[in-house]
Every structure is written in structure tokens, then in C-alpha cells.
Amino acid sequence: MDMDAFFASVEQLTRPTVRSRPVLVGGLGPRGTVAGASYEAREYGAKSAMPMGEARRRCPVAVVLPPRFRVYQVVSRQVLGIVREVSDVVQQVSVDEAFLEPAELAGADVQRVEEFAGALRARVQREVGVVASIGAGPGKQLAKIASGLAKPDGMLVVPPDEQLELLWALPVRKMWGIGPVTESKLHRIGVNTIGELAAMHPQDVTSLLGQAVGGELHRLAQGVDDHPVAERAEAKQVSAETTFDHDIADRETLLAEVVGQAENAHRRLVSSGRAARTVTLKVRDSDFTTISRAETFSSATSELHTLSAAARRLLPIALPPGTPVRLVGVSYSGLATSEQESLFDHPSDPEDGPAPEPESAEPAEAPRPSSRQWRAGDDVQHAEHGHGWVQGSGHGRVTIRFETATTGRGVARTFAVDDPLLSAADPVASLGVEVDQPCGGGGR
Ligand SMILES: [Mg+2]
């Protein structure tokens, strides 16, 4: 099961005004990339992992929104909760993807599997409000390929006696474990489809690709797939690093590289559905000396700005200014599931918006500066109009669209940026319902 355009779909769910419109989710900065694109935006050629500037050139009418990973994680938990109710064996692969091996479908015919998948898709759509596509087949590789072919908003069940026909027509790159290097090795000897790989002599495959890998790929190409559906042992850290063509000594350039790697590692963190307590910065100077410095928070977080700011702080601690650097890496460890994160993060993080209770008692201590900068896409609460999001601001004014997942399309109103009735809000409130947070709401 794989959610369709997950991040953009959650934005369209919680902001009814952007439903059926092109939506791009991602960073707006010079290094920003697209984390999610709605199907409407994909029609213009915008897609995930593309630089945001390029995506906006291709789709100038797109609504561009900053990622709200906490909301995506809450919706992911809702979907996974349903999945675990209907299937005893589940392997969550990422925030929007899972394998299921329901005991009741052992030996089932195609019609029975279609009924099961159709019912699950309908339930996710009805109870959560997002679209899941489902692929099914004899083995994980085929199920994964089928879910891709089923998109958008579809399902595809591959019966055992049709699996080879489907598999063999596909390019080799579609197979698990075949990256660009293996693909080009196969292309060089004229092997382009999975069927052509399957037809090779086993010894030719292993001499080209190695004993272990070649043997495994050859079996997979023949439809032999006995990978179990099981929760995998989780990695202890996620990281990203880059080596420069020329040593860099300029501090601002280095800081930008640090932030870039912090973002890359953050994407991996979020897609694994986890949060981190420790940020480690690794730098290698021109003498190949590697220096690591770490910062540990009191609780795990998946907030990019918190993680990225820590990585930036570590640079001057690791190196004196002006040192030429050839490699920069950022890693996150002390990993917790995002469920564990929500046990701790909000009460203790002063940047995370107001506490659930009104803070009317201390007007002089109000944490918000009066000339607050409202960023497009931020969640806000207005004392009279309720929950909304920032559509735009400038010239001392801010325009708020008041709507949540449960209100239908809302009205837009404009206020002075320092309107005292306006405050930052918890993004999760945009779901419009009480969400089962593991620690039970305001009981702290
Ligand atoms: Mg997906």
C-alpha cells in the first residue's frame, strides 16, 4: 500500500481551498527542493526531489506550501492504525508506504484480494481522507511494482500465473536492487528488460554482477521472491554528506553546505517516521583530518529548523574560521519513533507555538513580538474566527484562510500583522478533529 502524493494530499485535505489545485510542498530557499507534488502539479512536469525553482517554472500556478511533517506523521499513524487492524503482519517502509501480509488472504483468489484491497482503500479514504493505492501479488517485489502501476487512486492484483508476463516486460531498473550502475552493466551486454535478465544463463549473470548479488537478482527476475514481510531492524542513525570538488574555506558557503546536508538527512529522518535527539556535524579538512562535533537535545525532534540550527552551531566549534574544508556531513542519532517524539516535544519547545490553554493571564510576557513575520502556509489561530493558515502577508497586513479538514472551503480575511487576536497554532489542529496523541492531549 502506497499513499498517493502523500504530503500534497495531506495539504489538500487540511486546506480545502487548495483541493484539486496544483500544490508543491517544500523549501522556498535557494536550495529548496520539492518534497511533495500533487497530481495536478505533476501534470505540469513538477515532481518530488526537483529543485523548487525548477518546479515553479514548470508550474507557475502552483500553491507552494512549507512542509508540515508533524501533520503528515499524524495522518500516517491514522492510516497505519487501520492497516494494523486488518492485517496481522505489517511492515511499514516509510511514512506513506507499508507491506501487508493478511493471514486471511493466504491462498485467496484474485476476486477475494480485490475485495480486501478495495475495502481497505475505501476505509482509509472515508476515515482519514487520503488516497491509498494498493498492489498485490505473490511476493513483495511484485506487490511494490503493482502498487506503482495502480497509481493514482487504484489497485492492481497480479495473479500468480500472470506475474512473469508482467515482470518480464518491465525495464531491469524496475527491479529491486538494480541501481544505475547495475543497469548500465546490463545495458552494455544488451539486456534491457527483466525478461532478458531472467533468460540469461545463471553463470553469465553471476560473472557479470557477482556471485551473491547476481544470483539473487536472477532469482528475482524469474519471479522467485521469498523476502518476508517483517518489521526490519531500524538503523541507529540517518546521515547525509557531500565532498566538494575544491576545498571551501568561506564560512557562509560552508554554512549553506551544512544546512543543505541537514536538509538531506532530515528527508531520510522524516520518511523513516522518526525523530532525533543528537545532531552530529562531520567535517574533513584539506589534510584529511576528520572532526566530529555533536549536540544533544533534551528530547527527540523532527523539526528541520531545530536540527539544522544545531548543525550550524557546530561548525565554528569544529573548526576555526578560514580552515579549508573538503567534506561536510550531518547525521541524526538517538532516534525515537515520532510517536515517542510527541510525548515530549511540544511542552518543552518554546518555538512550537502556544500551549493548548489560552495564555491570557500574562499579556506582558507574550512570547510573540508585535511585528511578527507571518510565513505563507503557517497555521494560525484567531480568537474569533478559529483555525486558519496564512495565504500571504506584506505591507503590515496578513491574509488568513479560515478552514480545516472538517470545515470545507473557508473564507479569507485580512488583518494587521500585529492583531492581538492572532497567534501561531499547532499545525495538527488543521485536521479539525481531536487527534489521539499518545500522551492524551492537555493532561500535563
Ligand atoms: Mg507514496
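All positions are counted from 1 along the displayed chain.
In case you wondered, yes, glycine gets a Cβ from its N, Cα and C as well.
Positions annotated as active site by TrEMBL: GLU97. Marked as Mg(2+) binding site by TrEMBL: ASP2, ASP96. Per TrEMBL, compositional bias 'Acidic residues' is recorded for 350-362. Per TrEMBL, the feature compositional bias 'Low complexity' maps to 363-372. Summarising the annotation, TrEMBL assigns compositional bias 'Basic and acidic residues' to 375-387. Taken from TrEMBL, the feature domain 'UmuC' covers 1-179. Here TrEMBL flags 338-394 as region 'Disordered'. The site 'Substrate discrimination' annotation in TrEMBL covers PHE7.
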*Measure from each Cβ of the recorded positions ASP2, PHE7, ASP96 to the atoms of ligand 1 and list the residues where some distance is under 6 Å.*
ASP2, ASP96
*Cβ packing number for ASP96 (Mg(2+) binding site), 10 Å threshold*: 25
*asked:* As a test of reading the model: what is the averaged pLDDT for the domain 'UmuC' (1-179)?
replied: 94
*Could you put numbers on the helix, strand and coil content of the compositional bias 'Basic and acidic residues' (375-387), residue by residue per DSSP?*
0 helix, 6 strand, 7 coil
*Sort out the residues at least 6 away from either end of the compositional bias 'Basic and acidic residues' (375-387), same chain, that have Cβ-Cβ distances under 8 Å to it, and list them.*
64-66, 68, 353-354, 393, 400, 402-404, 413, 415, 419, 421-427, 429-430, 432
*Measure the Cβ-based neighbour count of the residue listed as 'active site', defined as the other Cβ atoms within 10 Å of its Cβ.*
17
